[in-house]
Structure formats: C-alpha cells, structure tokens
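Swiss-Prot has this to say about the protein:
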type: BINDING; residues: M94, Y123, H162, S184, R185, G186, N225, G226, M227, R228, E264, Y291; note: substrate binding site
type: BINDING; residues: H268, H332; note: Zn(2+) binding site
type: BINDING; residues: C408, C411, C415; note: [4Fe-4S] cluster binding site
Amino acid sequence: MTIVEDAKKGIITEEMKIVAKDEGLDPEFIRRGIAAGRIVIPTSPYRQVKLCGLGEGLRTKINASIGVSSDIVDDEMEVKKAIAAEKAGADTLMELGTGGDFLGIRKKVIDSISLSVGSVPLYQAFIEAARKYGSIVHMTEDELFKATEDQAKLGTNFMAIHTGVNNITLDRLKAHGRYGGLCSRGGAFMSAWMMHNEKENPLYSQFDYLVEILKEHEVVLSTGNGMRAGATHDATDRAQIQELIINTELGQRAHDAGLQVIIEGPGHIPLDQIETNVKIMKEMSGHKPFYMLGPLATDIAPGYDHIVTAIGASLSASYGCDFLCYVTPAEHLALPNIEDVITGVKTSKIAAHIGDMVKYPERARQWDLDMGRARRDLDWEKMYSLALDPEHARAVRNSRAPEDSDACTMCGNFCALKIVNQNYNLAK
C-alpha cells in the first residue's frame with residue numbers, strides 16, 4: 001500500500017509520526033492531511049531520506065535546484081552544490097541537469113545527501129532523443145515513460161511532470177500570445193514535440209499509465225507548470241489558468257488512485273496577483289500542497305533575483321503557499337555556483353519564515369520573540385544562536401569589532417539598548 005492508502009484506512013505510519021514530531025503536531029493531523037490530499041511526505045523504497053512534510057498546517061518548505069547544463073558539465077561541482085544546499089538548510093533538492101550522463105550524475109547527487117531528490121524526467125527523454133536522432137521532436141513515447149521509470153528506480157522520489165501541457169492549453173497559448181514567451185523548458189520541449197508530430201502530450205493522454213509507474217515506485221507527482229509566465233506582464237493569463245484547471249483535475253485523479261500530489265504554480269507574478277494565484281489554486285485543487293517557483297515580483301533585477309524572490313515568496317507563503325523553489329543571484333544570467341546556491345537557500349528560508357509568521361503566528365513568532373529579548377538584553381551569544389546563519393552573524397560583527405563588547409560598531413558608545421538598560425528596566 002502507498003502512504004495515501006494507509007492514511008485513508010486510518011493507519012498512522014512511522015513516517016507520519018516523524019513528520020508530526022518535527023512539526024510539533026499530532027500524528028493524527030498528519031494522517032488526515034495525507035488522506036485528504038492536503039499534505040504529502042516524499043519517501044522512497046530505494047533509499048533512506050530525511051523526511052519532510054509539505055502542505056497545509058506545516059512550516060513552509062524550501063527546495064534548491066541544481067544540475068549541469070549543456071555548456072557546463074562538472075559532476076563533482078553538482079555534488080558539492082547538493083551538499084552545500086543541504087548544509088544551508090534546504091528541505092528538498094531537485095536535480096535538473098540537461099547535459100552529461102543523466103543517471104550517473106543524478107546517482108552521485110542522490111548518494112551524497114539525505115534530502116528527498118526531485119527531477120523532471122522529460123528533460124532526459126528529450127535531450128537523449130536530440131543526441132540519438134538529431135532533434136527533440138523525434139523522441140518516442142516509450143522513451144519518455146522509460147526515463148520516468150529509470151529515474152524513479154534510482155531513488156528520485158518526487159517528479160515535476162508536465163501533464164497539463166495539452167492541445168487545449170497550447171491552443172490558448174498560441175491564440176493569446178505572450179510578452180515574455182514560454183520560459184518553461186519542459187513546456188517548450190513538449191509543445192514543440194506536439195506541434196511537430198501533431199499528437200497529444202502522452203503524459204496527458206496516457207495519464208493513468210503514468211500514475212501506475214509513479215505509484216509502483218512511491219513517487220510524489222508534482223504537476224509541472226509548463227505554461228507559467230516568463231514575465232510579470234503575462235501572469236495569470238488564459239494558458240496558465242487553463243493548465244492549472246487540467247492539472248488540478250488530474251491531481252485529484254492521481255490522489256484517488258493512491259498517489260501523493262503537489263500542484264506547481266507560476267514563477268513571475270506581480271505582488272497584486274499573488275493572493276489570487278494562491279487562492280485559485282487552493283480552491284480548485286481541494287487544498288493540495290502548492291509549490292511556487294520563486295515567485296519573482298519584478299523582471300528588472302537580474303543579479304538580484306534572489307531578493308526579488310524573497311519579496312514574492314514571503315507574500316506567497318503568507319497567503320498559503322506550502323513549498324517554495326529558491327532562486328539564486330545567477331537566475332536569468334548563468335548556471336549558479338556554490339555561493340549562489342547557499343545565498344539562494346538562505347534568502348528563501350528567510351522568506352518562508354516571514355510568511356509563516358503570518359500563516360502560523362503562534363508557532364513561528366516565538367523565534368522572533370526570543371531574538372527580540374536577546375537584543376534587548378545585549379546577549380550576543382544568544383543572538384548568534386538564534387540567527388538564521390549563526391556563523392555569518394558572528395563573522396560580520398567580529399570583522400568590525402567594537403571597543404565596547406556589549407555593543408556593535410553601528411552605535412558604539414551610544415547604543416540605545418545599553419542606555420535604556422542602564423537607566424530603567426523594560427523587561428517583559
């Protein structure tokens with residue numbers, strides 16, 4: 001039985017107990033959430049993973065994406081990025097390589113970390129077709145499903161699968177047009193294949209077969225967002241919403257069949273449309289876990305897109321988004337390096353916490369309360385221990401060490417907190 005089938009029968013599994021303990025919640029809450037499709041726990045029959053719950057009532061989680069490109073193929077660098085992402089605090093990792101030895105690189109990454117690892121199987125299928133036949137459009141349907149199964153057997157335990165890119169969404173896209181084009185690589189691959197071959201997307205037309213494969217290997221289905229906007233001016237357009245309708249319908253079919261399901265959301269959205277996107281998705285999907293790619297709230301800041309994402313992600317989390325894909329400073333410019341990965345994870349973790357302060361104030365705000373008291377008391381060791389990145393906080397202060405060990409060089413002898421502490425008590 002799958003974990004969904006266990007949950008529907010009232011069985012509380014060991015995985016549910018572990019996630020409940022990590023979240024400070026009752027295991028029955030987790031079981032009910034999985035049974036209803038509101039919570040997922042990526043697991044794998046092929047490897048031990050650090051369990052992580054995603055969904056309503058749980059802390060907002062962060063995914064870090066890595067992977068070689070056709071220009072830069074460095075297996076060991078990707079392994080180092082994966083290790084750095086886990087150390088920096090990522091909750092999951094996606095290996096999205098588009099070059100080199102697909103399964104070989106992914107196996108090295110999977111073996112190097114304890115996190116759940118996700119993938120996009122159609123990347124492998126299309127790129128191997130290009131290598132073999134000279135073009136992605138010559139990929140066969142059997143090759144697509146074989147790539148999916150091969151990656152599942154390797155221990156990949158959640159997959160972004162572009163089920164909603166079908167003839168209906170493609171017609172909507174062509175009729176409506178885009179200012180920023182189509183930025184989803186999976187969406188671009190599949191739509192090109194469909195138009196050349198004049199055929200329906202096999203991930204849609206053979207969806208039940210896809211579910212069988214994923215169910216056999218206990219893989220979480222993340223419905224890929226192939227029609228997402230690549231520019232804020234295209235956000236929430238007809239193609240995006242049409243794909244969302246299809247994905248939420250297919251997501252329910254998959255859950256009814258015993259599969260865990262995540263619904264992917266868009267990546268470029270102006271702030272005034274974020275609430276709309278989250279609420280529409282939650283209502284249409286029956287409140288399944290919502291995974292947003294960023295999101296980026298403006299398009300004008302290449303080199304600083306991790307900051308742009310933090311703004312959009314914090315608002316998204318506050319409205320109910322459950323799962324955020326990080327964005328690094330290299331987004332739209334280059335393949336990220338190790339430092340970019342670390343910065344992306346840290347920035348998105350800050351955004352997730354800010355969102356959780358609104359979404360779950362009783363749980364999330366205690367951390368900030370403790371930090372406020374430590375600052376009031378000028379307890380530097382306590383401040384370091386509470387910091388999101390204790391090593392960085394300590395290093396910054398020590399790099400500009402104050403004469404007065406109670407203060408910092410921002411205020412020096414005129415530290416407001418020290419003056420107040422010397423003259424009256426504001427303890428609370």
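Backbone N, Cα and C define each Cβ position, glycine as well.
Annotated features, which come from Swiss-Prot, shown on the structure.
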{"residue": "H162", "record": "substrate binding site", "DSSP class": "coil"}
{"residue": "R185", "record": "substrate binding site", "DSSP class": "helix"}
{"residue": "N225", "record": "substrate binding site", "DSSP class": "coil"}
{"residue": "E264", "record": "substrate binding site", "DSSP class": "strand"}
{"residue": "H332", "record": "Zn(2+) binding site", "DSSP class": "coil"}
{"residue": "C408", "record": "[4Fe-4S] cluster binding site", "DSSP class": "coil"}
{"residue": "C415", "record": "[4Fe-4S] cluster binding site", "DSSP class": "coil"}
Exercise. Which one is it: of the binding-site residues R185, N225, M227, whose Cα lies the shortest distance from the Cα of H332 (Zn(2+) binding site)?
Worked result: R185
Exercise. Of all the binding-site residues here, H162, R185, H268, H332, which one's CB has the most other CB atoms within 10 A?
Worked result: H162
Exercise. About how far apart, in whole Å, are the alpha carbons (Cα) of H162 (substrate binding site) and H268 (Zn(2+) binding site)?
Worked result: 18
Exercise. What is the separation, in Å, between the Cα atoms of N225 (substrate binding site) and H268 (Zn(2+) binding site)?
Worked result: 12
Exercise. Roughly how wide, in whole Å, is the group M94, Y123, H162, S184, R185, G186, N225, G226, M227, R228, E264, Y291 that binds substrate, by largest Cα to Cα distance?
Worked result: 20
For this session: Report the residues of the chain - excluding C408, C411, C415 - with C-beta within 8 Å of the mean position of the site's C-beta atoms, for the recorded [4Fe-4S] cluster site, in sequence order.
Result: P402, D404, A407, T409, M410, G412, F414, A416, L417, K418
Problem set entry | Inter-residue Cα distance where the pair is M94 (substrate binding site) and C415 ([4Fe-4S] cluster binding site), in Å | 45
Problem set entry | Greatest C-beta neighbour count within 10 angstroms, which of the binding-site residues M94, M227, C408, C411, C415 | M227
